[in-house]
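Peer 1: Pulled these from Swiss-Prot:
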REGION    1-58  region 'Disordered'
COMPBIAS  15-28  compositional bias 'Low complexity'
REGION    81-109  region 'Disordered'
COMPBIAS  86-106  compositional bias 'Pro residues'
REGION    255-280  region 'Zinc finger-like'
BINDING   Cys255, Cys258, Cys277, Cys280  Zn(2+) binding site
Amino acid sequence: MAAPQEGYPPPHSDGQQGYGQPYGAPPAEADQPVAPPPAGAPATGGPTHGGRKKRAYAGQAFEFGSGANAALGGQLPGGGTYGGYPAPPQPQGYPPVPYPGQPAQPAPETYAAGEQLGAGGYQPPGPGYPAADVSQITQQMGQMSMGGQMPGRAPGATSLNQLYPTDLLAQSFNVAELDFPPPPVILPPNASVTPSPTANCSAKFVRSTLNAVPTTNSLLKKSRLPFALVIQPFTSLHDSEDPVPIVSDQIISRCRRCRSYINPFVTFLDHGHRWRCNMCNLTNDVPQGFDWDATAQQALDRWQRPELNHAVVEFVAPQEYMVRPPQPLVYLFLIDVSYSSVTTGLLATAARCIKESLDRIPNTDRRTRLGFIAVDSSLHYFTIPRDGSESSDPSMLVVSDLDEPFLPIPGDLLVTLTECRENIEIFLDKLQEMFQNTQNGGSAMGSALRAGHKLIGPVGGKLTVLTASLPNIGYGSLEMREDKKVLGTSKESSLLQTGNSFYKSFAVECSKQQISVDMFLFSSQYQDVASLSNLPRYTGGQTYFYPGWNAARSEDAIKFAKEFSDYLSSEIGLEAVLRVRATTGLRMSTFYGNFFNRSSDLCAFPAFPRDQAYVVEVAIDETVTKSVVCLQTAVLHTTCNGERRIRVLTLALPTTQSLADVYASADQTAIATYFSHKAVERTLGSGLEQARDALQAKIIELLSTYRKELAGGSVTGGGLQFPSNLRGLPLLFLALIKNLGLRKSAQIPTDMRSAALCLLSTLPLPLLIQYIYPKMYSLHDMPDDAGVPDPATGEIVLPPLCNLTSERLVPYGLYLIDDGQTQFLWVGRDAVPQLVQDVFGFPDKSQLRVGKQFLPELDNDFNERVRAVIQKSRDFRSRGVGSIIVPQLYVVKEDGEPGLRLWAQSMLVEDRADQGVSLQQWMSLLREKVIQ
């Protein structure tokens, strides 16, 4: 048969079909997909001249000597960790994780957690204390052969993850598994248009609760599992720390109908002149210039374009993506100058920190503007002259009418950092002196917020609030609502609601004007975090809470200074919107996180932070007929350098008609993240008790469903069956119920609870899981390679993780417990003097003070290793998240101050405590309910 014209490749002779073409069908000339050349194929001829100019761009690309979608397969087997996925011929299992004492099975080397430790380290003082038994987990997991064809799976379909049942009661959970990657996403061969290992979205940007999607809503309902995405569009505070590919030629190809962006999962047709949308199937023209490098004036190799090789890309947006010129970065600081702010040292520390961070505030385009309003019972505005003016002194204007605070000349109140740099420094030096003798206890912060809204409303920007008082006069004034008698009762939930409707309605006004609010709260008394946190919640901001903060304690001052400096340096996005599109049949139904839901599917962010994650629930509205679905997140934003950009994240997932596939590919940490957001919503809507009950009911429902549908209804030998990839879920649910934000207790101050709820609904997934189930390391007997750099990577090696139970604590031990916000260094009551000497520099434990502190830098190997472990445990960047938080370290003695000890012990979520059950009781309760 003669080759078709135009140099188009002949149909396959080996029986492999181009995707989208029925088996054995003759090639449909204009509608057959076009594939990239095989890896390493030489580029074919340059542009053909003399024809129409429109096609000169594309002339180079499509004369390959090999069949469409030839053996390279469109997907590398076992692609890179960034987002590649294997496409193996055999059923792909998600193998059970090896436990101590279990016959070895290959597993990622980095997770060799739970190995028996050597005899090194600090041993017990005498024979009286047997070393803790690390594990009695010996049962080999049943590696079930699924035998033949999976029910509900089409013959010849790609084999998805295999289901490995495990008995939850027979072996304790290896907590290192909480850091494991999710079950792999297994796509059919040739699912993507290029064989790039980064063609599918990395789990650090987007995680799905289900890595195999049910084709029908009835199957999803039958599974009782949630279908949701956990989205973290930015994974670092600064672009340089985690760069993504940038498409800067302003050629953005989008589907005419559904407005999806071209991505690695589209199909090219008509000799590459058109592309078929993988969301809605519409055929679109490839834009002019798609294969042309305008800068170099030469043809481009289409298959090298970032948007066809990378699931995460950023497009530089042309003019039509702007309603107005890109917004400059604006920070208006509302600083509390009342008596409590001055006496705790907040005013002085904040002023000094802003001054020392001026060089870190993004200002590449030299348009960044700053303003300052000081707040007590009046509002104090400051005009700062330009550098080089006759007078460098700032002038202050005091406004006492809080009902209608008029604005002095706005132009002088919001000044350009570049033009007024020196005079801003002079002002910040003087600010503290202006109020050092104040006795004013009033706080008109609500009125200050309104004034700030008026001031920056025309341009938008950040209102950064630093306050150590409860707003008690003017707009939005709040009262002391906390009543210790109602803590732990059903009435407590009302204290978690806002105490003044001003904060919600004002937040919505801010969102409309592209104003975002961040709250830094420092009170040693009740401050009504529940009300104040509404401002960040609806404006894309965050609430940072520093209870009992005082600058006289260097630990407090240094923690805030580091965090606030990183906050100011963060390369936030401005005037942003987020939208998630998906394959026909799927719909985004509910959105969770700090933003304003402007329409059914559009989330508005006056500022887009870099240290938060969002959860989007997905509904299946109609039967999905495709073998692969795609979900594409787009964030349109202005960078803080004044460039309009669109960050696009495309996730492709296989579909299935089999319930076993759905369970085998479910991601336990993404599911826990989804239910964390649901629990916060339930708490604020219905109450704490209802939120806890809903969590318990949900885990019972999942266990019962699995037993009934997939375990044949059996409860063998008193066990409790669940898939091995979900075996941490009952523990995570218990830990969530016992978290500071949700647990039943009469001891938790309302502000602490409200601040915890803010974290539970904003933290990126790795930090949220750690906040729910903290990390504990045994330091006194850590292996020799722990606390020192790994020779291969240079990264500090952490000791093996321990389960959070007092059974793991030996009386002579030293342990680090870290929930990502706070670190506890637990010193056992019988710690040997040498250990205390090496770590703390005291010959006797009685001299060791407890409470927040920095570890001394001592000249011995063990002290260095302990400090390295503490530091590495704070290294969020290596875990693919941006965060300004520097966890505070508390030294706790087992026989020391009871309040501190109880706080540290509340992290041991597997123990019975306060009004919470132990893990053992919890598992017995679940089993009882499941077999009822």
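Cβ atoms are placed via backbone N, Cα and C, with glycine included.
Buried or exposed, and what's around them? Tell me for each listed feature.
Peer 2: Secondary structure of the region 'Zinc finger-like' (255-280) per DSSP, as helix, strand and coil residue counts: 3 helix, 7 strand, 16 coil.
Counting every protein chain shown, the Cβ of Cys280 (Zn(2+) binding site) has 16 other Cβ atoms within 10 Å.
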Peer 1: Tell me, if you would, which residue among Cys255, Cys258, Cys277 (binding-site residues) has the fewest other CB atoms within 10 Å in the structure shown?
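Peer 2: Minimum Cβ neighbour count within 10 Å, taken over the binding-site residues Cys255, Cys258, Cys277, occurs at Cys258.
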Peer 1: Could you name the residues, excluding Cys255, Cys258, Cys277, Cys280, of the same chain that surround the Zn(2+) site, i.e. Cβ within 8 Å of the Cβ centre of those residues, in sequence order?
Peer 2: Arg256, Arg257, Arg259, Ser260, Asn278, Met279, Asn281, Leu282, Asn284, Arg581
Peer 1: Please compute the mean pLDDT of the model over the region 'Zinc finger-like' (255-280).
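Peer 2: Taking every residue of the region 'Zinc finger-like' (255-280) together, the mean pLDDT is 97.
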